[in-house]
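Record features, source TrEMBL:
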TRANSMEM  A:20-40  transmembrane segment
TRANSMEM  A:47-75  transmembrane segment
TRANSMEM  A:95-114  transmembrane segment
TRANSMEM  A:121-143  transmembrane segment
TRANSMEM  A:170-189  transmembrane segment
TRANSMEM  A:256-278  transmembrane segment
TRANSMEM  A:290-307  transmembrane segment
Amino acid sequence: MTETSLSQPFVGPAAGRAPLRLLAVCIGFAALVAAPMFFYPIFVMKILCFALFASAFNLLLGYTGLLSFGHAAFFGGAAYVTAHAVKVWGFPPELAVLAGVLGAIVIGAVIGFLAIRRQGIYFAMITLALSQMFYFFCLQAPFTGGEDGIQGVQRGKLLGFIDLGQTMNMYYFVLGIFLLGIFAIWRIVNSPFGAILKSIRENETRAISLGLSVNAYKLSAFVMSAAIAGLAGSTKALIFQFATLTDVTWQMSGEVILMTLMGGIGTLLGPVVGAGLVVTLQNVLATSEFPVTVITGATFMLCVLTFRRGIVGEIEAAIVRWKRR
Amino acid sequence: MTVAVLPFGDAHVEKPRAVLSARGLSKTFGGFQAVRNVDLDVHHARVHALIGPNGAGKTTVFNLLTKFIPSTAGTISLDGADITRTAPAKVARMGLVRSFQISATFPQMTLLENVRVALQRPNGQAVQFWRSLGSLRNLDRQALELLERVGLQDMRHRLASDLSYGRKRALEIATTLALDPRVLLLDEPLAGMGQEDVSVMAGLISEVAKDRAVLMVEHNLKVVSEICHDVTVLQRGEILTTGDYETVSNDPRVRAAYMGNEDA
């Protein structure tokens, strides 16, 4: 604990680290721009997609304190809407993604409205139950293609002239969406609204006593998280050119929790690192005879037992400890 | 200050208006009657103490008045408006704001952020998810003034979790005052404070009560005798007596309740 002087600026102690952060952001951006030259672009795009999905989930769990067990409904639901919009309605990719996000917002508003009245494990169970209902809807609805899903979705031309059929064009489109989504999350977390969310997470009863209608704030955060998860799902439908039941299963909801916890909840980079780790494990072990889920599960257990704050969470805590010395 | 002129015998005396009123307030948990038929009037510009032995139902009355728990029977009105079925957050927005027995702060936020969060909604700065945190800087001066009132301005960048118990209570009062409430409900505001801080805080409560009603649960009877205009004694969920400190403290039933001896 350090003494603070009266002359210290109100913006707080973080102000002095701004140039260092800017440098880190620039290096990260450069690495992402160059990544497809060193790695298989589809693999990196998949990581970016799941990183955005996990970050959207983290907005709810890490910054609002709500554990949703049904985020696959937004991710997979948006993928279906985007795939349908391209294939049946002939939408261009940018509008198809937008339609997917709007679909996720609608699903998020309905599930959120019903679930937000309960807390803790009851909230998680309601989101799980409603997302399972959505899974069965997707299984039975005529336009989703049942167990086959919607296949052969054309990527189309962005703004009418950028051919997303070319992998590198598609990569930079996905990168743009990823950065936009991450920026949106960063903005929400570091905004007046984000400060209110933090207060609700820290002490909900106190927040109510200060006149805050906490359910309205929670529902707003829920819908925002659903929208960004939907953005990730829509993008995934365009990358892989299909939307299937896999994306709306409860296992997908579980996977995103795993990614977020492994990376570190409540940190901006944690879910990105967690998603990178899980997707890489899945990719590397895809050809192995050993079941991927066992390895992922074991890694998760190792993470929880050895560093509970997650990878990025532990690194951040170590930096704080080092600075306090 | 609005006053109602009430007849008192042949003469007319001015009595401050009752801002918060409860009639026949009752609460039953299962088969246990925690609060029974409580009538209470909290007046503008007066400090009203709610005292009684442990388990008398003081905090339950607080929770009923602020709507944190629903009452089984009775009515509550705030400035004439019936709030018996109003949601707790709305009651707070109407100007009835409380503190908690176990200090309620936002532990992983700095002191400045704690107070600023309370200032955000009244200033229309609670929903902007597209603006930066820097846009809240216009609230810093007001937040700092509130921290100064409770003597915490030098610690404004510390986390609330780093504070001692007594200082957390002071922070909670600063946060509560940020809403500029019409009625302030303080649940044991002086608990855990050192003697020096108790005097400062008692002075602050007296000062803020000049233009608002204050209802406080407090065990420090010395402070109650010094700053409270009205005292209500609760015992086993029922009102034993109400009056000024002198009258109440000389009531043999009150003495018996505190001493646990009917002959005391």
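Glycine residues also receive a Cβ, built from the backbone N, Cα and C atoms like all the rest.
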Feature contact check the transmembrane segment (A:290-307) with the transmembrane segment (A:47-75), CB under 8 Å, 3 or more pairs: no
Folded-back contacts onto the transmembrane segment (A:121-143), same chain, C-beta under 8 angstroms, at least six residues removed: 66-73, 76-77, 80, 84, 88, 107, 110-111, 114-115, 245, 248-250, 253
Surrounding residues of the transmembrane segment (A:95-114) on its own chain - C-beta under 8 Å, 6+ positions past either end: 70, 73-75, 77-83, 85-86, 126-127, 130-131, 134, 156, 177, 218-219, 222-223, 225-227, 229-231, 233-235, 237-238
Cβ contacts under 8 Å made by the transmembrane segment (A:20-40) with residues that lie 6+ beyond its boundaries: 48, 167-168, 171, 175, 178-179
